[in-house]
Amino acid sequence: MTNPPPPSLGYSLTVTSSNSDSSTPQPEKNSAPPATMLPGAPRFPPPKLQQDQIPSPFFQNPNLLSPANGVRSPLPHLSTPPGPPVFKSPVRPAAVPFRTSPATPQPIAFSSGSTLPTSSPPHFLNGSVELQHQVPLATEDSTLVNESSCALFSAHKVLKQKKLTNVPSLGFGALFSPGREIFPGPQILQRDPHRCHNCGAYANLYCKILLGSGQWQCVICQRLNGSEGEYVAPSKEDLRNFPELSSPIVDYVRTGNKRPGFIPVSDSRMSAPIVLVIDDCLDEPHLQHLQSSLHAFADSLPPTARIGIILYGRTVSVYDFSEESMASADVLPGDKSPIQESLKALIYGTGVYLSPMHASKEVAHKIFSSLRPYKSNIAEALRDRCLGTAVEVALAIIRGLSAEMSRGVVKRNGGNSRIIVCAGGPNTYGPGSVPHSFSHPNYPHLEKTALKWMENLGREAHRNNAVVDILCAGTCPVRIPVLQPLAKASGGVLVLHDDFGEAFGVNLQRASSRASGSHGLLEIRCSDDILITQVVGPGEEAHVDTHETFKNDNALCIQMLSVEETQSFAISMETKGDIKSDCVFFQFTVQYTNVYQADISRVVTVRLPTVDSVSAYLESFQDEVAAILIAKRTLLRAKNHSDAMDMRGTIDERIKDIALKFGSLVPKSKLHRFPKELSALPELLFHLRRGPLLGSIVGHEDERSVLRNLFLNASFDLSLRMVAPRCLMHREGGTFEELPAYDLAMQSDTAVVLDHGTDVFIWLGAELAADEGRSAAALAACRTLAEEITELRFPAPRILAFKEGSSQARYFVSRLIPAHKDPPYEQEARFPQLRSLTTEQRTKLKSSFIHFDDPSFCEWMRSLKVVPPEPS
């Protein structure tokens with residue numbers, strides 16, 4: 001694989017791999033040529049195999065780390081600022097033939113059978129030459145389903161015919177979440193793994209074992225390997241005692257003499273420092289909100305957390321925690337990068353710039369209270385802000401104090417350090433800055449220079465195990481294209497907020513508490529029949545000298561910028577030819593250093609059966625996983641508004657091509673039927689086409705760019721919600737019924753919660769809102785539900801509530817499919833809840849809709865000459 005040029009503004013890594021014949025040594029990997037469209041489907045292009053680099057994480061379910069095995073660390077409980085009393089609101093399943101959207105799709109059920117292929121050697125009772133196929137320790141599918149949930153495939157079977165498997169409009173692939181929390185937790189092994197000497201794959205539950213000698217056969221390259229006698233056993237049942245031979249996912253933990261600080265207790269975690277870099281050019285209303293958020297942030301930190309505080313405007317002020325009676329800071333100029341002499345005087349002087357909260361909490365509160373609003377009468381966009389210099393100083397403090405001299409205690413950092421920038425405007429002063437006005441005659445060149453400088457600063461932060469998160473708020477444009485490279489190159493995230501209030505404060509807390517590993521390396525190995533064509537996710541191609549090499553190691557290697565629970569990689573695959581074997585294998589390995597400074601190698605092995613039947617293949621498809629893979633490939637190419645419009649057209653062509661290749665022709669008609677096995681896929685893609693990622697719902701291109709970059713890195717759960725909103729209708733008694741996200745849910749006597757990933761909307765019908773008591777109870781229940789379902793999501797979404805007919809309600813209406821335009825029989829088929837309404841209620845509902853040109857789902861499908869699939 002060739003090293004790609006340094007990526008530009010696009011956020012997601014895109015790498016290609018060529019898994020060629022394992023019999024030929026390949027010390028380097030070569031890029032695979034782009035996939036080509038099959039004849040008959042030339043109108044929408046195949047995925048572009050190019051480096052677009054690291055997106056920034058946007059995450060639902062930041063999966064908490066369990067300290068029980070010393071591998072993962074807990075995050076403190078976080079909740080949004082005070083709201084209604086918390087109570088559990090059970091969600092009642094939709095009483096309709098409609099597929100609700102679970103938090104995770106049903107992953108692959110690993111086979112517990114021990115059937116040997118007919119080509120296996122003869123069975124001898126002494127076991128000396130018996131190759132035994134191992135079975136999982138847990139024979140119940142449910143246990144294995146949970147364990148395998150960090151690897152989600154678009155189909156649970158692989159079609160043997162290359163021509164149909166590689167149809168680009170449908171595609172085949174997997175979503176892999178390296179740090180996702182597993183229930184029950186993975187098996188832990190505190191020893192070195194057994195690896196194939198030929199290809200580097202790990203021993204696993206699908207290997208065949210020679211019981212007499214302990215040799216095991218690699219599932220990837222079929223070579224025999226020794227186990228130093230460890231796998232010698234009288235029977236296959238005895239081999240089940242080895243976790244790697246009984247579980248599809250295992251964690252190898254190595255502490256070693258070089259990392260003596262490993263203590264598997266959460267309170268003893270070595271806290272990496274958190275440095276706040278705060279905009280000093282805010283007007284009073286914004287500053288008041290920011291101060292409230294900062295005070296709440298200080299109160300939320302654990303006593304062992306170490307914090308630093310830096311302010312920036314025309315100068316950089318580094319606050320000194322050794323002065324306990326008042327807020328005291330050392331000041332550096334902001335017009336240029338700090339010189340080494342100034343940094344040495346700062347770091348090795350008498351001041352304390354990183355201090356644990358148990359010793360500095362009151363000082364931090366004094367510093368936050370001492371902040372003052374901007375005094376000069378200059379417009380927000382014209383104020384001088386040396387954001388780049390401030391981040392350089394923050395990085396220098398972290399790097400200079402990495403041995404930790406604070407309060408005389410010597411400790412080793414755990415995990416990545418965090419620099420959290422609280423920005424209210426663009427970087428317009430010092431290195432990495434752009435002119436105040438776009439009309440500057442040299443603006444394009446200066447912006448290009450700033451982009452490169454910011455990206456280099458982000459890479460420097462990554463080299464020093466520091467992640468830069470940029471939390472923007474307020475009404476002043478922050479020049480997203482300039483700031484984005486800093487966050488993404490460091491492995492951080494950029495988030496936009498309306499103000500510095502509630503959502504900003506929650507994100508500030510969640511950004512600091514995200515447990516993240518460092519030095520992450522992802523390796524993907526597949527059977528020879530499988531070719532990886534594209535990877536989209538938070539990483540970049542690993543150089544050959546950064547990972548172990550084996551004689552014929554064809555693994556695709558990705559250097560991860562950070563290792564967090566909420567990330568995922570979208571992996572697109574093809575088959576090299578017609579498959580002859582009965583199954584294919586995939587092995588994902590992520591190696592990283594956790595917050596306890598232990599080296600972890602998580603190994604996930606998946607076996608998928610191969611089939612000749614197209615129907616069996618389609619029935620095994622996971623519509624939601626397939627939709628997210630398609631969405632990530634599509635969004636990767638939608639770098640601007642014009643691209644987004646083009647990508648909407650490719651979705652149309654994709655639907656037509658799938659119907660042509662896998663559907664059937666309606667008798668005496670030119671319409672095609674969409675395959676019934678994929679009935680949920682078109683509606684998911686329709687949501688993608690008209691939603692904020694590709695549609696015109698989001699007003700400003702900067703906002704859509706931020707959403708795009710977050711989506712390309714996001715976990716499956718959040719990605720699904722960003723594509724297709726989840727609609728929950730409030731019922732009497734505090735329960736909620738899940739319904740399709742259609743505008744038919746806007747019934748005047750109800751309240752509806754719509755979760756769209758980055759935003760959660762609460763809509764109160766006019767009739768309900770007129771009853772003050774009922775509306776207050778419904779609003780409290782909806783608010784509580786919204787907070788519960790987004791409690792661990794990062795970034796935290798906006799939670800907006802409004803009444804029917806208000807101007808803000810358009811944000812809610814625009815995200816629902818306008819099913820009111822369909823004939824009544826179509827409405828009832830797709831939204832059976834309508835049958836519970838009286839004739840008067842149906843008439844009132846019908847008259848409440850305003851006509852506009854946006855097509856319904858059924859109208860859109862018919863415009864493509866495709867019959868809408870019946871609801872599943």
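Keep in mind that glycine also has a Cβ here, set from the backbone N, Cα and C atoms.
Bear in mind that TrEMBL entries carry predicted annotations, made automatically and left uncurated.
Among the features that TrEMBL reports, compositional bias 'Low complexity' is placed at 12-24. Taken from TrEMBL, the feature compositional bias 'Polar residues' covers 50-66. Summarising the annotation, TrEMBL assigns domain 'Zinc finger Sec23/Sec24-type' to 193-231. As annotated by TrEMBL, domain 'Sec23/Sec24 trunk' applies to 275-501. Under the heading domain 'Sec23/Sec24 beta-sandwich', TrEMBL lists 518-610. The domain 'Sec23/Sec24 helical' annotation in TrEMBL covers 624-720. Marked as region 'Disordered' by TrEMBL: 1-83.
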Mean of pLDDT values spanning the domain 'Sec23/Sec24 beta-sandwich' (518-610): 88
For the domain 'Sec23/Sec24 beta-sandwich' (518-610), the number of residues DSSP places in helix, strand and coil: 3 helix, 58 strand, 32 coil
DSSP-assigned states of the domain 'Zinc finger Sec23/Sec24-type' (193-231) in counts, ordered helix, strand, coil: 0 helix, 9 strand, 30 coil
Helix, strand and coil counts within the domain 'Sec23/Sec24 helical' (624-720) (DSSP): 67 helix, 5 strand, 25 coil
